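For reference, the structure is listed below as structure tokens.
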């Protein structure tokens, strides 16, 4: 067994060098890490080829996430056969490390989601989204956790402690409808429905992580073992509010600092590489700082992405705006693909402890718990909304609550009393994720089409469930921002817009303070520069094709 690392407070300048691995130990660690990197890159390469084949064959009715899960399962099966035959052992490489997921894979996905978010629809429905994400997740977590605890006490399902049940109920309440969003976009569903599901999913993940960590902290703190129920409740609520609001303020604050820096140092526009590098630094700083302060990194980086997209993005050069958008898409694609590949690999990656009653009741309680938060909360919200959440929309919201990688990874991170409980929780979480992705995700298309059969909205003729194809064909005009002072006033401060409240305050004061309006001369120069770069790239492509044709002709002559 590897010795536990020393506590950070115990490390000083006298032993910091001694803690660095050397010799054979360092070489073995380097080889193991290199093999893990090689393995996941190899799997990602196969996944990209699979996605390319799906696009080329016009096989649009299978979401890429499901296809990648199947490919990961196939690779995991091959690795298992190789291990059984004594050819090699790659089981350590195919297991997803929680630290790798939370520190490397998750941040690009969440930041890109916030950065590319349609902020108008999001903030118009922000109150409803927040209600569904916070109170809906809390209702689901308590219902699932309490139900499983009672089932365990009655001897119907696997027995866990009350705290463990609530922690498990919190982690399986993390909604991740990646495939569903692609289906919604293809079917041209109501924008309100699309934003409610999407907004809930990105905030719900943060809430589920905070709830899980809160229940884990309650178990780990010895002071709470003898505390009264009311004390524990108020401490849990206080910790939850501290993490949520602290993370939100941290993310927004760092994003506003990035807007001011990009506004004041507009000379970066002459060096797009510096601009892009600074943007990526500010993109990751909120997550790292929040996690180090025991706050929610996912909430901080999400709000940082939203605010940076609203303010900082307008201060960037046109080249960096396009590069930022496309680079974030590529990173998010690789991260999401690796997540679904790891889910497939996990099917054969470790010894499972399958408890049929526990799995079945968990799925039933999840479905009922989601219904108990969607329908009552929608009924309450409709009293305050101008655009009502119809019964049809409520059913689609209930049906599209897929569980994703966060649920599975949180189960790996869960601290339990015994190894047996860990295997039961991890196996159950994996089955729930695969069930919702494969069964509910696969059935979402016919369900949505059936429920919208009399809708006046028309479906896309070339229906595609490919998120890559939907996102990769165009550059979003919303993320190309070059407005002069006169153009900004004409677009956002017209009297007929009737802006009120924060929307008016933002357009009138915040945007002018944090963003820089360009002059007409700069606008002409920027567009000329983009035209020059476009012509240069086009000439290079043409020259490359000419050279290849000339080489082919020379080879034919020889």
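Glycine is treated like the rest: Cβ placed from N, Cα and C.
Here is what TrEMBL says about this protein:
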- 49-449: domain 'Cation/H+ exchanger transmembrane' (DOMAIN)
- 37-55: transmembrane segment (TRANSMEM)
- 67-88: transmembrane segment (TRANSMEM)
- 100-117: transmembrane segment (TRANSMEM)
- 129-160: transmembrane segment (TRANSMEM)
- 166-184: transmembrane segment (TRANSMEM)
- 248-268: transmembrane segment (TRANSMEM)
- 280-307: transmembrane segment (TRANSMEM)
- 328-350: transmembrane segment (TRANSMEM)
- 356-375: transmembrane segment (TRANSMEM)
- 395-414: transmembrane segment (TRANSMEM)
- 426-451: transmembrane segment (TRANSMEM)
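Panel annotation: around the transmembrane segment (129-160), residues 122, 166-170, 172-174, 195-196, 199-200, 203-204, 206-208, 211, 244, 355, 357-358, 361-362, 365-366, 368-370, 372-374, 377, 380-381, 397, 421, 424 of the same chain, lying at least six beyond its termini, place a Cβ under 8 Å from a Cβ of the stretch.
If you look at the transmembrane segment (328-350) against the transmembrane segment (100-117), you find at least three C-beta pairs under 8 angstroms, all six or more positions apart, and that counts as contact.
Simply put, out of 100-117, 356-375, 395-414, 426-451, 426-451 has the most Cβ pairs sitting under 8 Å from the transmembrane segment (67-88).
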